[in-house]
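Engineer: Take this structure, written in structure tokens, and hold onto it; I'll ask about it next.
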Amino acid sequence: MPLTARQAEHAKPKEKEYKLTDSQGLYLLVKPSGAKYWRYKYHFAGKEKKLAVGVYPDVSLAQARLRRDEARKLLAENKDPSQEKQNQKRIHRTEQTNTFKAISTEWLLSKKQQWGQDYWKNTESRLKNYVYPFIGSRPVTEISPMEVLTCLRKIEATDKLETLRKTRNACLQVFTYAIITGRAKSNPADYLSSALASPDSENHLSLEFEALPEFLRELYDSTSNPLLQLATRLLIITGLRSVELRWGVWDEINLDKAIWEIPKERMKMKRPHIVPLSKQAVEILKTIKILTQTKQSKFIFPGCHNAQKPRARRMFNYYLLTLGWLDRVTAHGFRHTMSTILNDHGFHSDWVEMQLAHVDKNSIRGTYNHAQYLEGRREMMQWYADYIDSLAGLSPAV
């Protein structure tokens, strides 16, 4: 006869363990200590096996029978209940180590040697403050775009739009890392920028990253004005202000050393500025020299009507207008694009700020040297030029 709930409750310990049989392989094992365990005996692949069903009274007789029935269904599907139980435990353990917090911690550790200390700490702090409290304990495979969006909108509500952008980018990279390491198949932080406020100002529009490859392909393929096409490409990969590029003269450039030295008189911060030139920038300048040699001008971009003056102030935005992109990006916006990409890829923030000539004299540590960080910046700018080419579908420079 099947076991009753009363029998299970009143079963007393004996000198040796014994069984109280229920039905269809289920029984209650009573230990000398008084502990009681549900077990299910079954046969699989010609062998007798036992499945731990639960501890009485935490698992009642009715619950034990339900678990037995679930095991019988697995057997009907030619699955071993014990093996399936182990699989579920393994999945649970994997989920516990594949939470957003666990993976982001691992990702941060992988970046510690690549990034500057301040940038690394700031990224960690943003994740701890703005993301972990909401999705930190969730398995990455279960996090939806709406969950990430809800989390980021809490930052948006405080009007900290630059913090919002950087936090979203950190989330984007954590999920990308999870995909690369085989622990996720999709990135719920993708495409959220269109649903969130942007820190970009109206006057300095800069492209969303998702639109950058399309723009670059159209720019590189354009044949309408070769000189302005090259000028725009040079603007993008040097990080110079448009006025600094327009007023540039050949005497400032050493193509053999791949260096552009801009005197302080032409700089917004009134300090000389050294610009390391990538291989692509050098080739562009060589081509520009050929295109403009008949002008016999000291200016890199001589005026259309007077070669002894530089090109008109709106040359870049005019060209962006002819490409059909001026409603989405301005010449100045390329500096923001460069800053965003270089910072997001972990380059030293001081290198980025110096490349953009943002460094304020009161913030410089020690004696100012305008050649400071030159080699680091040279490597950074070559990486950036290669990166821009790759987005346009070209191979890196060799």
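These residue numbers are counts, starting from 1, taken along the chain as shown.
Including glycine, each Cβ sits where the backbone N, Cα and C put it.
Feature list, courtesy of TrEMBL:
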- 98-179: domain 'Core-binding (CB)' (DOMAIN)
- 202-381: domain 'Tyr recombinase' (DOMAIN)
Engineer: Just to be sure I understand, if DSSP states are collapsed into helix, strand and coil, how many residues of the domain 'Core-binding (CB)' (98-179) fall in each?
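Structural biologist: Within the domain 'Core-binding (CB)' (98-179) the tally stands at 65 helix, 2 strand, 15 coil.
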Engineer: Return the average pLDDT for the domain 'Tyr recombinase' (202-381) as a whole number.
Structural biologist: 85
